[in-house]
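What Swiss-Prot annotates here:
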type	residues	note
COMPBIAS	A:1-15	compositional bias 'Basic and acidic residues'
REGION	A:1-30	region 'Disordered'
TOPO_DOM	A:1-100	topological domain 'Cytoplasmic'
TRANSMEM	A:101-122	transmembrane segment
TOPO_DOM	A:123-127	topological domain 'Extracellular'
TRANSMEM	A:128-150	transmembrane segment
TOPO_DOM	A:151-329	topological domain 'Cytoplasmic'
TRANSMEM	A:330-351	transmembrane segment
TOPO_DOM	A:352-391	topological domain 'Extracellular'
TRANSMEM	A:392-409	transmembrane segment
TOPO_DOM	A:410-914	topological domain 'Cytoplasmic'
ACT_SITE	A:457	active site, 4-aspartylphosphate intermediate
BINDING	A:859, A:863	Mg(2+) binding site
TRANSMEM	A:915-934	transmembrane segment
TOPO_DOM	A:935-948	topological domain 'Extracellular'
TRANSMEM	A:949-968	transmembrane segment
TOPO_DOM	A:969-998	topological domain 'Cytoplasmic'
TRANSMEM	A:999-1020	transmembrane segment
TOPO_DOM	A:1021-1027	topological domain 'Extracellular'
TRANSMEM	A:1028-1050	transmembrane segment
TOPO_DOM	A:1051-1056	topological domain 'Cytoplasmic'
TRANSMEM	A:1057-1077	transmembrane segment
TOPO_DOM	A:1078-1090	topological domain 'Extracellular'
TRANSMEM	A:1091-1115	transmembrane segment
TOPO_DOM	A:1116-1158	topological domain 'Cytoplasmic'
């Protein structure tokens, strides 16, 4: 039979459908797979060509109730039964009318605001009215207003972009022709024509394309950020019919809208024939059509139901460790608050009880109101039970700032400021990808300073993921000499029809091998070499894109594909004269040293992680049918023809050498198929590829059947270069006490080799390797390892290397504990052959067993689960798309930026935030205690000498700005010091910046300071003519000065902003006090001027300031001088320049060590 | 906060628009964005700390001495009369006596122990009187005191807001409880004039208490709390009221009654005729009459002087202690060998 014809022939009616008369076979696990779910992860390994998961998704069948029915080209009928969303999108949250209620509703989701609100509402009860209306509502109203303005502005911008989006035009088939229609009017069921370089308006099932085989190429940059082209297919059945749209009738039954951009399952029925549709048949909103003149599709999801819009959500919100830890202290403060209120209520009760007979005659109480009736009724007195109750709640209102709600708002502001500086850090800007640092999560900045475990992906994270073809092994002979990088050789190019074609990337070639291929098919060796490169050029899913250059006669060939390994191989083949020029689903065109040859692609078995190989069946120009297979060595040697044992052996030796050098290896094999074999394969392939149930499994089986008895062609070695600065970065992080785990899919030799070159492993490390094939042996080796580390007690120098198979036995098992114990004692851990789902498992293993912080860094979709699992997720925005970035909390361009990120910014942020929290506790508690002490002298009623406005403004204006400024700007140590001495990072790991002990010290200091502020003036003015307002003003100003000086004492770097904030706050507070005192209708009129002109006032102020800060100053000095922390010593050394004189010994020694090469 | 990230994925339009501008995303370099602003980095070195304490001590001790001198220079005569001014027969029911009708004149004799230069201030001192009681301080209306237009604004003044529907001016418990004991002094049976002008704050007289606000319905209600007011004088001239309305901060307080504008000599005997009207008996409040001179620092109160001396001595003590410590057990600043990792490494060798 003619293989060329067979591929175009529509497949016959599927036999399986005949058995199953139902539309669908329900599957139990038909669960929605979301963006970040494991099920949708594409496994990238070796020559990963396509998503094996995609296929497996499509076999799951759709239940009727979970389906939507779309009549092709019949939007009226489609939409009459179901209420499908139109295509207009609305990302804006509010309209003019809903803005106020909705925005308020959303804002009150924050606990802090609810607290404000409850207090404000309590205050509105006449019995509890402590503050005036204005003073009680002002802070809340202010915060709400600011947030509302911000939200309104953002929403306005969204409205504008929505309008632009909704009014774009698309060609829709209507009234027998394609007409332009606004995006917002597009309905589900309509047929749309998209032209090259246009953006897709909605999710569509492909019906036909300009390509006769039904292939389209789409760029999904807007969706997942990946810039390479993806292939999508129209079904053969619809391809022909689409020419005549009028008669097109059929329907699609597809799953309900969901967020999984890599999954789609549907069935289509045309003319009574049922077809199964998968993710490769759908093109999604936001993608761009490339390399295809036009495509026709029927709308299945529109507007807000498109996958792009469903994925349109922000970064996951995490809570920082510090904030979680802080909750304990918040609870302590609440208890403290309750105690204060109880004391106030109880003492008030005792007073009322002892004076119960005199209440009517006490001049300052006078219970009875005689103005209404002669006998008098009680005025604002509800019995002493109620009085206790009211006093308690009034106390809550008065002492409300004991719980530093403003701290939450300050923390948010500080984090925004910190994020600004991280984003703008020049040292975290990646020139090659033009990307600066991104802070996607705004609430875990300070977690960066406490990382103890680092989980890193290898490919693309430690390495550049720019694959470079290094060595070839053909027939067991190694060709790995390469011309020097600066050679004059112009690189391969070829002239076709007067146009010079050039591969975009130059590959350095081995001159011997090049010569060999040029000799044509003269020798057996040369024939093998040609076969080798032909298979490299053909056996892949790369799409060549020919682009123009400035010279009209020269065109560049750019290879686009999903796997960088394949790209490297195809470029290599091109350099040796096998230039892939064209690929459609039916054929490929390869220019072999000037001679253009056309090969029919008769079948393609895509890569999957079970087989770990891919294969292609080509109909060659000489009418032979050949099978080319390419895959990982572990999977390839099993399917080789044993008769080539010698070559296999030689190849194995070479492979070992390659992977020891850290190269990624692939093995290529081939076989010529005879007619009967082909025929047999073809029929089973046809059956499998149209099967509705278990299609992926069937295809895998078909592939497995044909991929046998291969003749070994050769092996390739690709170098995945380490990123710049990776070894130094790992060294720094290790010195910083961070345990680095590298998780890679590579095999053990490659992984260990990369481990050495990245300085994760050093020569003086003892390696413990665990390769087990059963639970028992795994347990045994782990326990042995545990024992050996325990006995040797050289914990610093042990590296654990464990492979994915062993991990299968370890994870979800009691062995997890053993592994964790072992891992704790090791300084480096290398996990090789790890499947993506295991990555998250390993992170979880550590995270669940320790309170230490974990950080995961990765660049690919396979790292998403790990990034989301870890406390802090960092995405590398590199070669492999943006999925890791989308799931991450922080994103950056290079692995080495981790060093400034953690050691510098993390350290700073942690120190700043830790101090800020303690300071805010102190600042508010001081004020509350001053108010409390006064209550003991006002007959236990909640009079405040400090005016209500000052109480409200205290935490908003008087003292707020300096702490925010310090939280953003202060640096305990300079950048260079922190980078030079990674050990300083330990401060955060040991949680020295914030702890319950520190909290208690702070609170004791708080009590002393508040007592000094309160009692000095009280005793000084006892029995004098001082009035409430004057004394209140003194207390206010004293508190503000002390609190700000306290901060000033702890500031490490004084720049002009710090000066302005601290001194400015004191001045602002004084101005506010003055402004409040010039209002004649307030009782405190002119008090500040009256009291300010007395010497007593200033003497009290001076005494207060010195007395309150004296203990802190003395103890701070003693501790810093006699119990210096590392930070303190480093700060001194930084200032006095003593670091340069005596270089620390321990650091440099490790840096000098060369990575050993095998 | 989720909005910041949301525009990246979907809504192809917005991301396309931003994609058009192809400018480098390299952050603009400035010393500010790189957090490299010039800054001063003070550290607490022993010298600085010792010097600070030394200075503080040296400044505080003289200040303390000055304060003590000022306080000691004040001559103060205090005479408690609340119980003594009740006839012995009524001592077991003092409240009834004070609420009863009749003249409650009481005669006190005071001996001047030390010469007092004029002006000699006459205060009444109340103890255990909570003029800062919440219920009490809230029961007033400052607007009403200032302008006749606001006289009906009495809702904060309950229970002393109006009488028979008519508003009370000045309303509220504070005004109602106006102190109404009166004193007249004589030395050697010669009247000593008490100047009651200018005993209140000038700012209060001029801006807080209205010149055209006159008392109305004051002390007309059933229980009479304290003093009455001359209804023909505007509030701005009722200085006793103005003084009283400046509520005291602490439960033991003095209020200025007047000034004696002549010197008093040591050994002078002063006879005080006082009207004991004010009821502090129901809450064990004490009443004292105080004659006192004043210093630049205020009245007689040694506390501040002692506080300054104490703090000053502590500072000096700390300065000396730290100096000794520093000499005996110094630590070289910024010596990297003190760093924890260097220390442990050194220990191993």
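Each Cβ is built from the backbone N, Cα and C atoms, and glycine gets one as well.
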Outside the transmembrane segment (A:1091-1115), six or more residues from its ends: residues with CB under 8 Å to it: 1005, 1008-1009, 1012-1013, 1016-1017, 1020-1021, 1026, 1030-1031, 1033-1034, 1037-1038, 1041-1042, 1045-1046, 1049
Under a Cβ pair cut-off of under 8 Å, which of the recorded stretches A:128-150, A:915-934, A:1028-1050, A:1057-1077 contacts the transmembrane segment (A:949-968) most often? A:1057-1077
Between the Cα atoms of residue A:859 (Mg(2+) binding site) and residue A:457 (active site, 4-aspartylphosphate intermediate), find the distance and write it as a whole number of Å. 7
Among A:330-351, A:392-409, A:915-934, which stretch has the most Cβ pairs under 8 Å to the transmembrane segment (A:128-150)? A:392-409
Best-packed against the transmembrane segment (A:101-122), counting Cβ pairs under 8 Å over A:330-351, A:392-409, A:1057-1077, is stretch A:392-409
Neighbouring CB atoms within 10 angstroms of the CB of residue A:859 (Mg(2+) binding site), all protein chains considered, total 31
Fill in the CA-CA distance, the residue listed as 'active site, 4-aspartylphosphate intermediate' to residue A:863 (Mg(2+) binding site), as an integer in Å. 7
DSSP three-state assignment for the residue listed as 'active site, 4-aspartylphosphate intermediate': strand
Tertiary contacts of the transmembrane segment (A:999-1020), defined by C-beta under 8 angstroms and 6+ residue spacing from its ends, are 329, 332, 918, 921-922, 925-927, 929-930, 933-934, 937, 1031, 1034-1035, 1038-1039, 1042, 1046, 1096, 1099-1100, 1103-1104, 1107-1109, 1111-1112
Among the recorded positions listed here, A:457, A:863, which has the most company in the form of other Cβ atoms within 10 Å of its Cβ? A:863
Here the mean pLDDT of the topological domain 'Cytoplasmic' (A:151-329) is 81
Hey, does DSSP put residue A:859 (Mg(2+) binding site) in a helix, a strand, or just coil? coil
Which residues of the same chain, at least 6 past either end of the topological domain 'Extracellular' (A:1021-1027), have a Cβ under 8 Å from a Cβ in it? 1087, 1091, 1096, 1100
Taking DSSP helix as H, G and I and strand as E and B, the topological domain 'Extracellular' (A:1021-1027) has 1 helix, 1 strand, 5 coil
Helix, strand and coil residues within the topological domain 'Extracellular' (A:352-391) as assigned by DSSP: 11 helix, 4 strand, 25 coil
